[in-house]
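**Student:** Could you have a look at this structure, given as C-alpha cells, before my questions?
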Amino acid sequence: MENLGYAGGQVEPGKGTQAADSRSVASPMNSSITLQTISDDTKTTTSTRDKWGRDIEFMLSCIAYSVGFGNIWKFPYTALKHGGGAFLLPYLIVLFIVGRPIYYLEMILGQFSSRGCVKLYDLAPAMRGIGVAQTIAMFVVMTYYAPVLAITFRYFVASFSSTLPWSECNPGWANCVNSSFVGRLEPTNGTAVGLQSSAELYFLKEVIHKAPSLEDGLGMPDWKLALCLLFAWIVVATILIRGAKSTGKASYFLAIFPYVIIIILLLQTLMLDGAMQGILYFITPQWDKLLSIEVWYEAVTQCFFSLSVCYGGIIAYSSFNNFSNNVHRDAVIISWLDTFTSIVAGCIVFGVIGNLAYVSGQPDIQKLARDGAGLTFMTYPDAIAKFQFLPQLFAALFFLMLFIVGVGSNLGVTTSIITAIRDQRPQLRHWQVVLGTVTVGYFFGLLYLTPGGFDFLDVIDYYGAKYVTLTFAVLELATVAWIYGVDRICRDIRFMLGIETSFYWRVCWGLIAPAATLLILIFSFADFELQKVPMGYNVLGLFIYAIAVLQLPGWYCYAVWRRRSKQTESLRKAAHNALKPMDIWGPESDTVRMQYQTEEEQYQNSQPLERSTVQRIKKRMFNMG
C-alpha cells in the first residue's frame, strides 16, 4: 500500500484531529463566522453547525434512519421471490462491495465538510445540481413516508379493540371470509372463488377506501387518517425542533426500543404452529437462481435502498459530527446491523405466514405472501386474527415497532431537507424551517390518504424517487470518485482521522460501486414502462424527473456564468475550473481549514505536471504512479 500522506507537508496521525477538536469546546448552538455559502466568489456568514451531544447519538440516529419499512416489508418478499436463502449470498456480497463503501463515503464527506447534500458540492460547484436533485427526491419520499406512518398508527390504535376490527367481515362486504376463521374453505358451486379475507377488505374499504382506479381522480382524504397523519408529523416536529440535540436524544429510544419489540415478536413467532415451516421456506436456498442477472440486480437495489445511500440523509447526519468521530467503525456496524435486522424481520414475517398456512390449510406459502403494503396491512393482520392467545398484543407490538422505525427513517429524510435549506439560507431560524417543512409535508401527505392515494404513491415513487435517486447516485459517485478524486478523499481521511485508506475502499469507490450503480440504472431504464394509470399522472411523474435532471445542466451553467462574470477566464477555462473545489472547501473550523488548504497546496505543487492518462488513473485511484 502506497503512502497517502501529503508530500512536503504530512500530517502526523491525529494531528489534524486535535486541531479540529478545539473548535467544539463552545456550545454547538453558539454562532461564529466560518463559511462561505452561496456563490463561488462572495463570502457570507453562517452559524457554527449543530453537533450531536455524543458520538453514539450519531450512530444510533443512522441506525434509526437506515432501518425502516424496506427492512420489514420489502426485504422478506424480495428474498423469497429471488431464491430465499440463496438471495442472501449475492445480497451480502453486494453489501460488502457496494452498500458499505457508499455508506462510509457519504459519512466521510459529511463529517469532513460539515455540509449537507447541496452545500457539499463546494467540492465541485458545477455539479451542485446533484445535491439539489437529491433533495427533490427526498422531498418526494417525505411526502409519502408520513402517510404510511399514519396508516400504521391507525392500525396500532385499532389493535386495542376488544375484537380486532379486521378479524370479522362487515355485513356490507360481499365475498368476504372472516380472518379469524381457522381452517380451509372447500369450494362449493364456485362460492370459494373470488373470496377475500376480512383483513384485506378492512384495509381496502375501511382504512384507505381504495378506488378502483385513478380515472375519476384522487378523491378526498379520509379524516381519521388525516388526524393520524397530523399526529405523525407532530411527533417528527417535536423531535426535530431543537436540531441534532433533540434528534440525538430521541435516537436512544428510536434505535434501541424496536429491537426489544423485534426480539419479543421473534420469540412469540417461534412458538406458533407452522412457524418453522414458514421460516425454512424463507431461508431455504434455491441455488439455480444465483445464475439469474435479475437476482443480482435485485440484491444491489435492495442493498441500495435499504441502507438509504445517495439520498442525502447520511451526509446530513454526519455533517453534525465532531471532526474526529470514527465513522469507519460506524459504517461497518450500521451496515451489518441493517442486514441482520432484515433477516430477523423476514423470519418474523414468514414465521407468521407459516402459521397462516398451517391454520388455513394452504400448502403454498408463496400464494400467501404479498409485496410491500399488502404484506404489512393485509397478510400479516390476516394471520394475527387467527391467533388464539391475545392477538391484540401481537398486533399492537408489531405496529408499534413499525411506527417507531418509520419515525426514525422519516427523521433522516426530513433532516436532509432541513439541512439543505439552512445551508443555503442560514439566516432562517431552525424552528421556522422545521415548522415550514412539516406543514408542507402534511398537506402534500393528504394526497396519499385519498381513495386513489396508493396508486398515486406508486407513480410518484416510481418517477420521483426511484429514477431520480438512481440517476443522481451514478452522478454523485462519478463526481466524488473521478472529479474530486479517490486519492484526495483518502488524503482527507488521513488529515481528519489520521488513518490510511486500504486498497479495498479505493477500488470500491473508484470502480465497483460506480459500475454497479450504473448497471442498476441501465437495467432500470431497460425495464422502463409507463405506469398503468391515466396519462396525466405519468406526465406529472415524468415532469418531476425532468425537473430533477435539468438541475445538473442548470447549476453547471450557473457556476460557469459566475466565473465568467469576473471577466478573468475564457469560457473553456471557466467550465474546467467550475469542477474544482471552491476556495472555502474543507473543514468547518477556520484554523483547521487553513491548515488543510496549505498542506493540500503543498501536495499538489509536489506532483509532476506531465502524466500519461494511465499514470493519472493510477494516481487518482491507487496513489500509484
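Backbone N, Cα and C define each Cβ position, glycine as well.
These figures come from a predicted structure and were not determined experimentally.
Feature annotation from TrEMBL assigns region 'Disordered' to 1-29. The feature compositional bias 'Polar residues' is assigned by TrEMBL to 19-29. According to TrEMBL, the transmembrane segment annotation covers 56-73, 85-105, 136-157, 223-241, 253-283, 295-320, 332-358, 393-421, 433-450, 462-483, 503-525, 537-561. Marked as Na(+) binding site by TrEMBL: VAL67, ASN71, SER306, SER409.
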**Student:** Determine the Cβ neighbour count for SER409 (Na(+) binding site): the number of other Cβ atoms within 10 Å of its Cβ.
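**Tutor:** So the Cβ neighbour count for SER409 (Na(+) binding site) comes to 24.
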**Student:** Are there at least 3 C-beta pairs under 8 angstroms linking the transmembrane segment (136-157) and the transmembrane segment (462-483), leaving out pairs fewer than 6 apart in sequence?
**Tutor:** yes
**Student:** How about the transmembrane segment (332-358) and the transmembrane segment (295-320): at least 3 CB pairs under 8 Å, pairs 6 or more apart in sequence, or not?
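**Tutor:** When sequence-distant Cβ pairs are counted, the transmembrane segment (295-320) touches the transmembrane segment (332-358), since at least 3 lie under 8 Å.
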**Student:** What other residues of this chain sit with their CB within 8 A of the center of the CB atoms of VAL67, ASN71, SER306, SER409, the recorded Na(+) site?
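**Tutor:** Apart from VAL67, ASN71, SER306, SER409, the close residues are SER66, GLY68, PHE69, GLY70, ILE72, LEU307, SER308, ASP338, THR341, SER342, VAL405.
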**Student:** Given the binding-site residues VAL67, ASN71, SER306, and counting only Cβ atoms in the protein chains shown, which has the most within 10 Å of its Cβ?
**Tutor:** VAL67
**Student:** Looking at 56-73, 136-157, 223-241, 537-561, which one has the highest count of Cβ pairs under 8 angstroms to the transmembrane segment (295-320)?
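**Tutor:** That would be 56-73.
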**Student:** Other than its close neighbours in sequence, what residues sit by the transmembrane segment (136-157), given a CB gap under 8 Å and a spacing of at least six beyond its ends?
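**Tutor:** Answer is 69, 207-208, 224-226, 228-229, 231-233, 236, 311-313, 373, 376-377, 381, 395-396, 399-400, 402-403, 406-407, 409-410, 413-414, 416-417, 437, 441-442, 444-449, 453, 457, 460-461, 464-465, 468-469, 472, 544, 547-548, 551.
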**Student:** Going along the chain, which residues at least six beyond the ends of the transmembrane segment (85-105) come within the CB cut-off of under 8 Å?
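**Tutor:** Cβ under 8 Å, 6 or more out: 78-79, 282-287, 289-290, 295-296, 298-300, 302-304, 306-307, 309-310, 314, 327-328, 331-332, 334-335, 339, 343, 477, 480, 489, 505, 508-509, 512-513, 516-517.
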**Student:** Looking only at residues six or more beyond either end of the transmembrane segment (223-241), which have a C-beta under 8 A from one in the stretch?
**Tutor:** 146-147, 149-151, 153-154, 157, 207-208, 247, 250, 407, 410-411, 414-415, 418, 430-431, 434-435, 438, 441-442, 445-446, 449
